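Everything on this sheet refers to the single structure shown next.
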Amino acid sequence: RCAGRVEVQHSGQWGTVCDDDWGLPDAAVVCRQLGCGDALAAPPGAWFGEGLGPIWLNGLRCRGTEERLVLCRHRGWRPHVCAHEEDASAVCSGGLRRVATGGPTVRLVGATGRCAGRLEIFHAGHWGTVCDDLWGLQDAAVVCRQLGCG
């Protein structure tokens, strides 16, 4: 729930946010509003897939200190001329775990639930995968323990 395509509800209908002018301050507001910690990334270009329905907001200009996305400057609540391939996304720190030594943030993606999937590590502002060379059950056990997955 702390990473994905940004969607907003307006007039009883869910829609997306265009990534024009989208950046880390905008993602920071989304993360704060969701109770998901700090913004780690603000991926553009439908990073988490294209949404459906109207594109409600465009040209967001958050300072990063607002409590809710609706308090940020934008081009108005209306369906915007923006393709869903430009849907904005946010990656927040909430729900991610770091090892006690201050090691990297890790996640499992591509499967149902948070306790299975491809291992990814957040480093230098980007998510990347981990090579399986010499990977074994002991390595997987460390990741599972780090994520609180047993």
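Easy rule for this one: first residue shown is 1, then count along the chain.
Cβ from N, Cα, C; glycine included.
Here the candidates are Cys72, Cys82, and TrEMBL names Cys72 as the disulfide partner of Cys62.
Matching TrEMBL disulfide entries to the candidates Cys18, Cys31, Cys144 identifies the partner of Cys82 as Cys18.
Here the candidates are Cys92, Cys115, and TrEMBL names Cys92 as the disulfide partner of Cys31.
Here the Cβ of Cys62 (disulfide bond) has 22 other Cβ atoms within 10 Å, regardless of which shown protein chain they belong to. With every protein chain in view, the residue among the disulfide-bonded residues Cys82, Cys92 whose Cβ has the most Cβ partners within 10 Å turns out to be Cys92.
Cα separation, Cys72 (disulfide bond) to Cys18 (disulfide bond), rounded: 14 Å. Considering only the disulfide-bonded residues Cys18, Cys31, Cys72, the Cβ with the fewest other Cβ atoms within 10 Å is that of Cys72.
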